[in-house]
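As written in Swiss-Prot, here are the features:
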- HIS154: Zn(2+) 3 binding site (BINDING)
- SER162: O-linked glycosylation site (CARBOHYD)
- ASN101: deamidated asparagine (MOD_RES)
- ASN123: deamidated asparagine (MOD_RES)
- 1-63: region 'Required for complex formation with BFSP1 and BFSP2' (REGION)
- 144-173: region 'Disordered' (REGION)
Amino acid sequence: MDIAIQHPWFKRTLGPFYPSRLFDQFFGEGLFEYDLLPFLSSTISPYYRQSLFRTVLDSGISEVRSDRDKFVIFLDVKHFSPEDLTVKVQEDFVEIHGKHNERQDDHGYISREFHRRYRLPSNVDQTALSCSLSADGMLTFSGPKVPSGLDAGHSERAIPVSREEKPSSAPSS
C-alpha cells in the first residue's frame, strides 16, 4: 500500500490564496461562492479548502500584547453584544466566554459560542483590569503592570464589559 507523504512546507498557510485545513478557526462561519466551486475546493484534497479574501480581523483571531507598562488582549466578537459576553479573572487566568441563543439571520437560524482563556502575567494589577467593547465589535481587555515586588492582587472576580460608541483603534496587523 502506497501512502503519500506531504512535505511540511506544503501544509503551511503561506498566504490568502493557499489552502488551509477544513477544521481551522473559520469552520462554521458560512460559505462563500468560491467555497461551492468544485475546481477550487477539491484541487488538492477534499479535506482542504480555499480561504480566499479572509482577513485577520474577520477570523476571530485574538491579539495579545504585553509590554513594560500594560497587558492588552484584542478579540473580535462582532457577533456578540455585551450581554452575551462574560469576562472573569480566576487566579492567573482571564476567561472570556461568549454565547448567544439561536436567532434568525439571512440564511436561517444560527447560534454561536466561544470560550477563550489567557494566562495573565504575574505582575498585572488585577484590581485595575478593564474590558470594553467597541462599536465595530472589538473587545479590549487591559490591565496595567505593577513594579516587581508589589502585590498584584490575585482573586476571582468578574470584569464588566462596557460598550464604546466609537470603532476600535486596534491595528489590523
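Cβ coordinates are placed from backbone N, Cα and C, and glycine is handled just like the others.
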Counting all other Cβ atoms within 10 Å across every protein chain shown, which of the recorded positions ASN101, ASN123, SER162 scores highest? ASN123
Quick one: Cα separation, the residue listed as 'O-linked glycosylation site' versus ASN101 (deamidated asparagine), in Å? 21
Going by DSSP, give the three-state secondary structure for ASN123 (deamidated asparagine). coil
